[in-house]
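Taken straight from TrEMBL:
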- 572-590: compositional bias 'Basic and acidic residues' (COMPBIAS)
- 591-601: compositional bias 'Low complexity' (COMPBIAS)
- 26-51: region 'Disordered' (REGION)
- 130-156: region 'Disordered' (REGION)
- 572-601: region 'Disordered' (REGION)
- 236-258: transmembrane segment (TRANSMEM)
- 278-297: transmembrane segment (TRANSMEM)
- 318-338: transmembrane segment (TRANSMEM)
- 405-423: transmembrane segment (TRANSMEM)
- 435-454: transmembrane segment (TRANSMEM)
- 466-485: transmembrane segment (TRANSMEM)
- 492-512: transmembrane segment (TRANSMEM)
- 518-540: transmembrane segment (TRANSMEM)
Amino acid sequence: MEANTSSKTSGVPSLLANVEVSHLDGFDTTTPMQSPKPVLHPDTGRMRPPERVAPRSEAVIPAFDSPFNPPGQRSGHPVSISLPSSPTGFGEPLVAPGGDLHERKQAMSNAAQEPAQHVRFVQPHRVMFRSQPNPGGVPTHAVRRMGSRGGRTMNRDKRYDSFKTFSGKLERQITHLAGGGVPVSTPEEEEFAQGQGEAVSGDNVDRFFAALEGPELDKLKSSEELALPADKKWPFLLRFPISAFGMCLGVSSQAILYKTIATAAPTEFLHVNPKVNLVLWFISVGLMSIITAAYAFKIIFFFEAVRREYYHPIRVNFFFAPWIACLFLAMGVPPSVATQLPPWLWYALMSPFLCLELKIYGQWMSGGQRRLSKVANPSNHLSVVGNFVGALMGASMGLKEGPIFFFGVGVAHYTVLFVTLYQRLPTNATLPKDLHPVFFLFVAAPSVASMAWAKIVDEFGVGAKLAYFIAMFLYASLAVRINFFRGFMFSLSWWAYTFPMTGAAIASIRYATVVDNAFTKALCVGLSLLATLTVTGLFATTMVHALVYHDLFPNDIAIAITDRKMKPIMELQESGKDDDSRSGSSKDVEAGATAAVAPEA
């Protein structure tokens, strides 16, 4: 009863009023450890209310510096702070870690005797770890990968992997066949494959016709971008184009020219030493070996780049150039090296021609985007002139049926190509200035055709003269347009001057053997001298750009075109068409329903 009476008068249960907590070590409380009994009000007998405690909003939190920001500067992003589980961490007075337990209790009791006006958060003596979001840097999984591989993955540039032969799908297939299982792609590799690998994949082989401004231009549209970095120089093999074989055509044709000058009757008065032919032939063999080896390494290590060149509307014609250069080397071989070539050599060199022609000429007839009216450009003459060069070499070796076959195929397709190039459609873009030299390829085919037909019929008759006169007229029509071949920077396309000019000079010497007069001799000397000066000047300029300026092989943007920016537009247009069709069908349904309801009304 007394207990109940006292509890009612005090307003606090006796268990809570008489409980003592000072003897409990480690109990979390803001009151001192030696807490007296609650003081009752003398008039009312109730417990005196405690002093005002500042709310949480008024608590003072010390500023701290982020390890990612300069000292004294607060971070602009939201920070999450890890607070202790109770306010004792902030309410404890600062005591040296080496002090004993009695000193700590005495300091706490002294602090409790002071009136508590507000709660003051004090920086504790021990280190506190506050968690906050990282403003940037390498993700955690990337750090693990880097640590597991020793940091070597950060030094290798993966942007060229999609062009490499032994990477991507082929590498994974080899690993699987070797019993290693299929490697699991990491999120970074998958993201890279989606961003870069798919952009350079070979699924869309007609991408050049949508990306280039005209089939002849290696210039990107404003809506296109490169799949490889444009701000740095790419590996050499990616920058080495198939058009480099044009140098072999120019130098090896010079070997044939000086062999003809040294042995032909109209040019005997020049007294040219046959050793000139020998020196030029060895230079041609060395140049051919270097360029062939470089492109062979490109086929081995960057096959995707070679594949993209094959589907390029201009580069595909230069795949005939290596074999034409080999034919030139066979025809220009010095007598001191070989006097007669075996017939099997002709068949070995013309077999690749036949395979390429079956593919290219078939596309010209029924190739869709690769039909002749779509891709016609002067470089297509390379795919035709090889027929006449092969016919000339076969006839010189005593063959009959094979040379006639290739001569007939060449005449048929040259006629179609000549007409197509003359009447270029208004929708086709004009050639840029950098490609103006390839117009001289118009002269190459009829010049070689005249010599080939003369060898087949064993005389420089009417048919050979017709082809020769056509070549001379085209040569003159281009020579008088001097401004047409000025005002552009040097590039490998300049070598297109050399082979047709040399072919015209050799054809003039053959013609002068039949029509021997002062004019034809002067024509032979003039064209031969012009061809020699052109080849010499171009060879010197090429060496300067290769060894001094180091800009002979710039980044080849033609093999790195991606149409990733085009896909969203196409998808948007397709979705718009679908929406229009759906809205149109819904309108038809509504119209049919209205018509059905109208009679009933």
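Each Cβ is built from the backbone N, Cα and C atoms, and glycine gets one as well.
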For the transmembrane segment (435-454), distant same-chain residues with Cβ under 8 A (at least six beyond the ends):
216, 377-379, 381-382, 384-385, 388-389, 391-392, 395, 403, 407, 410-411, 414, 418, 421, 460-461, 463-468, 470-471, 474-475, 478, 484-485, 488, 493-497, 499-501, 503-504, 506-507, 510-511
Should anything in the same chain at least six residues away from the transmembrane segment (518-540) have a Cβ under 8 Å from its Cβ atoms, list it; otherwise answer none.
247, 250-251, 254, 257, 261, 266-267, 269-270, 494-495, 497-498, 501-502, 504-505, 508-509, 511-512
Between the transmembrane segment (236-258) and the transmembrane segment (405-423), are there three or more C-beta pairs closer than 8 Å, counting only pairs 6 or more apart along the chain?
no
